[in-house]
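Heads up: the structure comes next, in C-alpha cells.
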Amino acid sequence: MKYLILLSFCGLALSQPVKRFAGFGISTVGGNLGCVVTGNRLFVNGLEGRELTADEQKELTEYQGKLTTFREELRNVMEQRKAELEARRSGAAVSSAKPIQTPEPPKKPSFCSEQTTTQYIFDGCKVQNNMVYVGSTFARKLTESEIEDLKQFDKEMTAYQKSVSASLESQLGELFGAAFAGQTQIARATPEPVTTSSTPVAPPKTPNFCTLIV
C-alpha cells in the first residue's frame, strides 16, 4: 500500500503541465543552461539575448579573472585530497593540519541573476525574464498584469514545491525507515504523524500566457 501511495504521489507531481527551473550555477559539464557569453553577446538557457553594455563587459572581465583563480584553487584542493587519500591507502603518515576548505565560486555578474535565468515552462511556451518564447523563438513580452500573475504563480509554486518535497520525504521515511535519513535506529512500525502541514498545498493555477492547440 505504501508503494502505491508513493507512486500515486509521484504521479501527481509529474502530471502537472508546468515546470520551473533556474539555470543558475557553476557547471563542470557542457550544456546551455545558465548564462553563456560569446563575443559580447549574452545567451540565457540557450535562448539568444542581447549585447552586453560597456559596464557589463567590464564586469565580465573581472568575473573571468576570478573564475580562473577559483578553478586553479579548486584543482589544487582536489590534487591535495587525492594525495592524502593515496597516502592513507599506502599507510603513510598524513598531516593533521587544518582541514582543506573548498573555495567558494565567484559571485555571478549582475546580468546573470536568478531572476534572469529562472525559466517557467508551460504547455506550448516558456517564459524567461518576463518574455514569452515558443520553442527558441521570441514571441512577445508579458504585459504588466501578466507579470503580476507570474509573480503570484511563482509564490504559489514555491509553496507547492516545498509541500511536495516534505510529503515525499515523509513517504520515503515510512518506506525505508530512519536509516534512510542517515540515522542508525530502525523506524517504528507506525511512524509518528508528520507535522509539516495539516493539509497538502494545492498546485497553483497555471497562468494563461499561450494556448496549445491539441
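Cβ atoms are placed via backbone N, Cα and C, with glycine included.
What TrEMBL says about a protein is an automatic prediction, not a curated fact.
The range from 63-87, 88-112, 113-137 that TrEMBL describes as region 'Disordered' is residues 88-112. Mean pLDDT across the domain 'Pepsin inhibitor-3-like repeated' (105-177) comes to 90 in this model.
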